[in-house]
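According to TrEMBL, the features are:
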TRANSMEM  134-158  transmembrane segment
DOMAIN    135-394  domain 'Ion transport'
TRANSMEM  192-210  transmembrane segment
TRANSMEM  231-251  transmembrane segment
TRANSMEM  257-275  transmembrane segment
TRANSMEM  296-318  transmembrane segment
TRANSMEM  359-381  transmembrane segment
Amino acid sequence: IGNTVLHILVLQPNKTFACHMYSLILSYDRNKEGPGSLELILNNEGLTPFKLAGVEGNTVMFQYLMQKRKQNLWSFGPLTTVLYDITEIDSWAEDQSFLELIVSTKKREARQILDLTPVKELVSLKWNMYGRPYFCFLALFYILYMVCFTMCCVYRPLKPRTGNKTSSRDNTVYVQKMLQESYVAYEDELRLVGELITVIGAVVILILEIPDILRVGAAKYFGQTILGGPFHIIVITYACMILVTMVMRLTSTTGEVVPMSFALVLGWCNVMYFARGFQMLGPFTIMIQKMIFGDLMRFCWLMAVVILGFASAFYIIFQTENPENLGQFYNYPMSLFTTFELFLTIIDGPANYDVDLPFMYSVVYFAFAIIAALLMLNLLIAMMGDTHWRVAHEQDELWRAQVVATTVMLERKLPRCLWPRSGICGREYGLGDRWYLRVEDRVDPNKHKMMRYTEAFKAQDRDTYDKGTEKLEINRDTLYKKELSALSLSRSTSRTSSHRGWEILRRNT
């Protein structure tokens, strides 16, 4: 019952009252330090009250709990060294990481905790010491891997076509080699080494991604933009396309260009994932993801309706015409592709001035140009501009969340020998087995002096204002006398207040 009340207090809107009641209930806890403590009991979602405060974005409760856990180590003048308990915050030995919970929640207030002590210092320590070097090395390794795969695709085994053409529009001159012909020369053996590296890399990607999907869940793993959800979809699809290409090569099945081309596009697009390691480029990946999976998805439904309608009209108009004079609409799939190009203004309206075109083509194309080029494209630009404006106001906060998510990901996947635990064990200071982070806080004495100066000026202003009010209450005979006394009072007040304030500054100096 006590643990349930603690969880309810974390969710209370009156944070001051919740903090007092939280402290009162813990004062009656008999097992304050043992495993049966009320603060260590999990709720149905596997969260302690401390983690629940972070997930809900309750910064007041979070700071209150952190102040209870800190230990003042020493103080010397303006310097103070504090040990903060990071047992539940650090993701090193936690199955359900506090940092991962914060970046994966949908509440924006929770990301403000990343800027509080000691979370800010802990993330900065992990990222600067281990996260950034490992992430940059991983980005370089992935780019070299993609260069190797691209070279294997460019020099894939092809041979000249020997069969006769079945159509005048057939433009194929090379065909794919059979498996027995693909690895004969020395160049083929070099390409085989690159292909083996590519396949091994695809298998490693699947081995690293599948356990996280099973641990977190597919909906949360692929749906969180901060966690890189769309990029996880891209890299898993890329690995599957590599394996499909390998099967088609081993079975000598024609058409390997389809999965190979998809893999090239997806593999190189995944390079954008590594932009999150840089503060200048990280927020732009968030913008791209939100635009693609938000604005563009909604816009594609409208675009599909317009393209289907006008492509069908164009095909019907040119169905009775000679395709050699205007071949952009010679069949229905080609009509769809040409209409898509016209929609995005990639090409101009097809025309052949040597022959007479149908009258309805001009009418339909005029309506299509008004609806597609002028109306819908400007609508898409306005939607993306609004998304850019919203993300731009949160770019620093989003980048910090990206850094935290990347740090937690690297810490989980790298061996323990390459990523030691951050912080100080409490045994060194007689504080048990809990882990602490040492933070040095500097108290600026000049700041306190300026506060005293400000209070001195405010006190003088209040004194002169009270005296002026008494004089105004006495002199209420006429309106002329009231205005005159107020004017003289304001001048003397400003001179007296300013004079006394500067005298205080001179004496302190």
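The backbone N, Cα and C atoms fix where each Cβ goes, glycine too.
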Counting only residues at least 6 beyond its ends, the same-chain positions whose CB falls under 8 A of a CB in the transmembrane segment (257-275) are 135, 138-139, 142-143, 146, 149-150, 153, 156, 176, 228, 231, 234-235, 237-238, 241-242, 244-245, 248, 281-282, 284-285, 288
If one takes Cβ-Cβ under 8 Å and requires six or more residues beyond its ends, the residues near the transmembrane segment (296-318) are 326, 329-332, 335-336, 338-340, 343, 358, 360-361, 364, 368, 371-372, 376, 379-380, 383
In terms of Cβ proximity under 8 Å, which residues at least six beyond the ends of the transmembrane segment (134-158) contact it?
174-177, 181-183, 187-188, 191, 194-195, 197-198, 201, 242, 256, 260, 263-264, 267-268, 270-271, 274, 277, 406, 410, 414, 418-419
Rounded mean pLDDT for the residues that make up the domain 'Ion transport' (135-394):
84
